[in-house]
Amino acid sequence: QWGDEGKGKIVDLLTDRVKYVVRYQGGRGAGHTLILNGEKTVLRLIPSGILRDNVTCLIGNGVVLSPAALMQEMSELENRGVNVRDRLLISEACPLILPYHVAMDHAREARWAKRPIRATGRGIGPAYEDKVARRGLRVGDLFDRAAFAEKLKNILDYYNFQLVNYYKVEPVDYQKTLDDVFAVADIITGMVADITTILDTARKNGDNILFEGAQGTMLDIDHGTYPYVTSSNTAGGVASGSGFGPRNLDYVLGIIKAY
């Protein structure tokens, strides 16, 4: 139960029956492989329901969101004729994964090569660290660019000090990071919505909602094979990662490897 159980495939099979598919934890490390009309698609951040025209996809506050990864995934889907922007909604409370998170991930794995955590190198762990430390930048910060630029400068000073002085690697460039984020900021903020309210309204309307986990149960930060785990709660993160009341969940489907 450390991944590759077929979660993405089962989600894809169930999406014909639902109106919403929700990602509530993890980052761009899901790696859900889907086959639709004979074409293979790998989704790492965007919910698997995006391939179904009848489904609205939601990214909840528990997901750490990489602007670069989101743009790449959107581009790949749109090039294949998938309507993403009108059917994907994002919580403003999603922490952002930025280049310094990725740099820190790689620096740590190199430093502790003899006993690595086997991180994906995508900055997911460091982004969750920033969230817990209450210093991270979030999607909602993109609405105020002046404030975002100031916050980015402060946090990048913090990261670059560690990268240069402890890990002995190159610092992350502030201006490039800022320019790259601002280049896609309008696209991201255009998809921001109140995910909790949408889910509550859907529940009251009797709409079917499917919550899509990104990792297996044994990778749960609290209940998995610590320390070789991910940085979030897997099944248990549904409520806190989306704002959906836990008592409103009426069915849980677990996917188990047969070998």
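Any Cβ shown, glycine's included, is placed from N, Cα and C.
Feature annotations, courtesy of Swiss-Prot:
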BINDING   GLY3, ASP4, GLU5, GLY6, LYS7, GLY8, LYS9, GLY31, HIS32, THR33  GTP binding site
ACT_SITE  ASP4  active site, proton acceptor
BINDING   ASP4, GLY31  Mg(2+) binding site
BINDING   ASP4, GLU5, GLY6, LYS7, THR120, ARG134, GLN215, THR230  IMP binding site
ACT_SITE  HIS32  active site, proton donor
(request) Using C-alpha positions only, work out which of the binding-site residues ARG134, GLN215, THR230 is nearest to GLU5 (GTP binding site). (result) GLN215
(message) Between the Cα atoms of ARG134 (IMP binding site) and LYS9 (GTP binding site), what distance do you get, rounded to the nearest Å?
(response) 35
(request) Indicate the candidate from LYS7, LYS9, ARG134 with the smallest number of other Cβ atoms within 10 Å of its Cβ, considering only these binding-site residues. (result) ARG134
(request) Give the distance between the Cα atoms of THR230 (IMP binding site) and LYS7 (GTP binding site), rounded to the nearest whole Å. (result) 16
